[in-house]
Amino acid sequence: MSELVADPTGRAVLRAVAPGTELRDGLERILRGRTGALIVLGYDEVVEEMCSGGFVLDVAFSATRLRELAKMDGAIVLDRGATRVLRAAVQLLPDAAIETGESGTRHRTAERAAKQTGFPVISVSQSMRIVAIYSDGRRWVLEDSDAILSRANQALATLERYKSRLDEVSGTLSALEIEDLVTVRDVASVVQRLEMVRRISVEIAGYVDELGTDGRLLSLQLDELIGNVGPERELVVSDYVDARRAAALDDVLAGLARLDSTDLIDLVKIAQVRGLGGPGGDALDSAVGPRGHRMLSKIPRLPSPVIGAMVDHFGTLQKMLSASVEDLQLVDGVGALRARSVREGLSRLAESSLLERFV
């Protein structure tokens, strides 16, 4: 179900049926009992008009109740949060004109009902013993936790390799920024790795949602690996984006997210999205300079408004590096104590970045 993970609605559906939830327990009971079921996750006027027969319950949801109600013919209607059983043994009559790619009666009804109501609809196949979820015009099949964990562990190993390479190119960029030797290629390489890490981490986050209580360890490993990758991505873009365009940061981040896998390995394409390297983005060896957001963010206890004020005042990282304590105090919000802290912080960062590169 990895295609769900970038979609907030899909993520919510995954969490609703993840292991450890009452709904998942009920679905597994239905499978073990070798019966089928049709379950609507939501209720409004559209669903009410679609329902025929059955009876109104409006009782608290439980896995055992779901299992017993599934023994009867007809669909079960739950509230959106799957906390109450609203109706049972109803016949769903969705619009027959709605297209469906399914062949079985239960699955055809589920797909049409999901499209017509906008609510997720779950179909449990009695013969094939599978659970299918229909939502937003798509279909997903629930899998066993072991199969999901196997894919998740492979993705986690890939993330570890990506993160290791990201740390390397990020450290190199820091040293080059200190020496004022940054090229478009260096920036594009870091952005490329940041986007690759972001994408694989989003996929793993989807597995965490899908695994529910079985994904706790995976979630801890993911949090430890990605750390501050999200803020780092925005800081790198901010350092090399056109400061005169208010929407430039969001435009670049959105453009990077739209790149397909083939374009993402092409540094020229990445440079084009960032507006670097000339009109065609192919001048990868042309020199560029950072504004200083990323380097200043590494100084402890330096608030974001002060970082923004310093970047606006000096314009480039090189001017900050050459600024004295007195020069730093000219920035709004920077007193003598903070100026000395920034001056010492920049000096330590410059020294450590160069040491990491050459040692």
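Each Cβ is built from the backbone N, Cα and C atoms, and glycine gets one as well.
Of all Cβ atoms in the protein chains displayed, 9 besides its own lie within 10 Å of the Cβ of THR105 (ATP binding site). Summarising the annotation, Swiss-Prot assigns ATP binding site to GLY74, LEU92, THR105, ARG106, HIS107, ARG108, THR109.
What Swiss-Prot lists as domain 'DAC' is 7-145, and the listing cites sequence analysis.
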Neighbour count (Cβ, 10 Å) for ARG108 (ATP binding site): 17
Pairwise C-alpha maximum, in angstrom, for the residues (GLY74, LEU92, THR105, ARG106, HIS107, ARG108, THR109) that bind ATP according to the record: 14
Nonlocal residues around LEU92 (ATP binding site), in sequence order (Cβ under 8 Å, 6 or more apart): LEU38, VAL40, MET50, CYS51, SER52, ALA75, THR109, ALA113
Protein Cβ atoms within 10 Å of ARG106 (ATP binding site), excluding its own: 19
Chain-internal residues, separated by at least six, CB under 8 A from HIS107 (ATP binding site): THR100, SER123, SER125, ALA132
